[in-house]
Amino acid sequence: MSSAKLGSASEDVSRRDANYHPTVWGDFFLTHSSNFLENNDSILEKHEELKQEVRNLLVVETSDLPSKIQLTDEIIRLGVGYHFETEIKAQLEKLHDHQLHLNFDLLTTSVWFRLLRGHGFSIPSDVFKRFKNTKGEFETEDARTLWCLYEATHLRVDGEDILEEAIQFSRKRLEALLPKLSFPLSECVRDALHIPYHRNVQRLAARQYIPQYDAEQTKIESLSLFAKIDFNMLQALHQSELREASRWWKEFDFPSKLPYARDRIAEGYYWMMGAHFEPKFSLSRKFLNRIVGITSLIDDTYDVYGTLEEVTLFTEAVERWDIEAVKDIPKYMQVIYIGMLGIFEDFKDNLINARGKDYCIDYAIEVFKEIVRSYQREAEYFHTGYVPSYDEYMENSIISGGYKMFIILMLIGRGEFELKETLDWASTIPEMVKASSLIARYIDDLQTYKAEEERGETVSAVRCYMREFGVSEEQACKKMREMIEIEWKRLNKTTLEADEISSSVVIPSLNFTRVLEVMYDKGDGYSDSQGVTKDRIAALLRHAIEI
C-alpha cells in the first residue's frame, strides 16, 4: 500500500500500487519505420508476380489430392491465405466429400480434417477409426504424421472420444520423439506441443512457420519467397499503425499523468493485430488499439488506484457520456475521460459514418459502458469486502474480461456484414461469445490471482470456486484448466453450427481467444511484458525476415 499524490486525488488516502514496470519499448515505435519498401518498386512488382504464381498453383486441377491439401494448408500457415480467400473456399468445397478420405493416409486425413473443420465444414471424427488396430489403438511412429494428428485433435468437440484418445497418443509419442528430431520438423513439433496451431495467434504462427517451411526440401520456392515478402510488407503497414498510436499515447502523456497504470500501447497493438492483421482492417486496428489502451487505464484505475468514491463518480460520468461530466470527476481521471470521448468521436467520424451505419456508435458506446459497470462491481467487491458466489463472479467476469466488448467493436470495425442483426445477436452473449469470454477469464485468473492477492484482492475464479465447493487451491486450479478445455470444445462446436448471422462472429471469437492463450501462456504477458511478450512483439513488429 502507498500514500500517493496525483492530480486532485485525496492526499491522505492509502492507495495500492501494483508496481507495473515501465514500457520496455521507450520511444522505439514512435520513430521506427521499415525501409523495406522505400524506393523499391521492384519489390511490389515481384510480390504481385509471385502472388499470381501461387494462385495458379492453388487453382490448377489435379488428381493428386494429398498434394493439393498440403499446398492449401501451407498457404494458410504461411500467413498469405488472405490473398486467396475465394480460391481457398472453392478448393475446400471440392474437398468436402466424406468419401475422399478413404484413399488418404493418416497424415493427409489429419490435415484434411483440420483444414475443413477449421473453416466451418462439418467432418465426423470417425474418419480416424480406420487407423486403429484390432486392439483399438492408433499405430504410427512417423513424427510428421503424429504432428499432423496432434494438430487435428484440437478441433475436437465434446463427446469425440476417438480424438481424446488421439491427442493423448500423439502427444506422448511426440514428446518421446522430439529429442531425436532435426530442424525444421523439430521446431514444428516443439511449437505445436507448446501452443497448437488452432490455438495460436495466426500472425505469430506464420512468423514461426516461414523459416521452417523455407528449410523444407519439398518447399515451393515461389511460395516461400512470396510469404517472406508479404510478411515484410505487412510489417511495414503494422509499424506505421503502431507509430500513429504511439504518437496519440504520447500526446495525451498518459504514462506520466497516470504513473500507477500500465504503459502498454505496443502490447495493446499486438493484441489487436493478433485478432485481425489483414490490410483491409487497418482502421479497425487503429480504433481498437486505442480502446485497449484507454480500457487498460480505466481497469488499473478501478483495480489499483482509485477509491470507491472516485471510481463511482467516473462510472456516473461514463453513463452520462457528456464532456460536461468531466468537471464532476477527480482531476487525475479527466485525461482518461477526455481521451475516451475522443476515441469514440473519431471512430464515429472516420469509420462508422463513412459507411453510412451511424447506428453502430450506439452499440459501441453501450458495450463500453457495460465494461465500466463491471469494473465498478469488482471495485465494490474489494472496497466493501463483499464476496460473490462463483456464478455471480463469473457472470460479471464475462463482461469485465472485455471479450464481449472487443468482439462487438471488432464486428463494427470490420463492417463486412449486415451489422445490426449481427450486433443484436452478439449483444445477447450467445454460446460462441460466452465460450470465448470464459476461456479468457479462466486463463487470466489462473495467471493473475496470486499477484492480485498480494495487493489485497481476494475475489477470483479460483478463490470463489474454492470457497463455494470446499476444494483445495490445487483442485480449483485443475478445475479451471479442465474448464478451458471444455469451453474450447464448445467454441469449436459453435463454429461448426454457425449460420449466416453467427458466422460473422466466428473469426473475432476465435482470434481473441487465441491472443489470450498466447499472451498468458507463460504468465501475465500483458502486465509483465519484459520476457516472451517482448520477444514476440519484436519478431512481428521490429525484425524483418531476411530475404
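Including glycine, each Cβ sits where the backbone N, Cα and C put it.
Annotated motif 'DDXXD motif' per Swiss-Prot: 299-303, in sequence order. Look at Swiss-Prot and you will find Asp299, Asp303 tagged as Mg(2+) 2 binding site. Under the heading Mg(2+) 1 binding site, Swiss-Prot lists Asp299, Asp303, citing similarity to another entry as support. Residues or ranges marked as Mg(2+) 3 binding site by Swiss-Prot on the basis of similarity to another entry: Asp444.
Shown on the structure are the features that Swiss-Prot records.
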residue: Asp299; record: Mg(2+) 2 binding site; Cβ contacts under 8 Å, 6 or more apart: Tyr375
residue: Asp303; record: Mg(2+) 2 binding site; Cβ contacts under 8 Å, 6 or more apart: Ala18, Tyr375, Glu378, Ala379, Glu457
residue: Asp444; record: Mg(2+) 3 binding site; Cβ contacts under 8 Å, 6 or more apart: Gly401, Leu516, Tyr520, Asp524
Arithmetic mean of per-residue pLDDT over the motif 'DDXXD motif' (299-303): 97
Tally of residues which DSSP labels helix, strand or coil - the motif 'DDXXD motif' (299-303): 5 helix, 0 strand, 0 coil
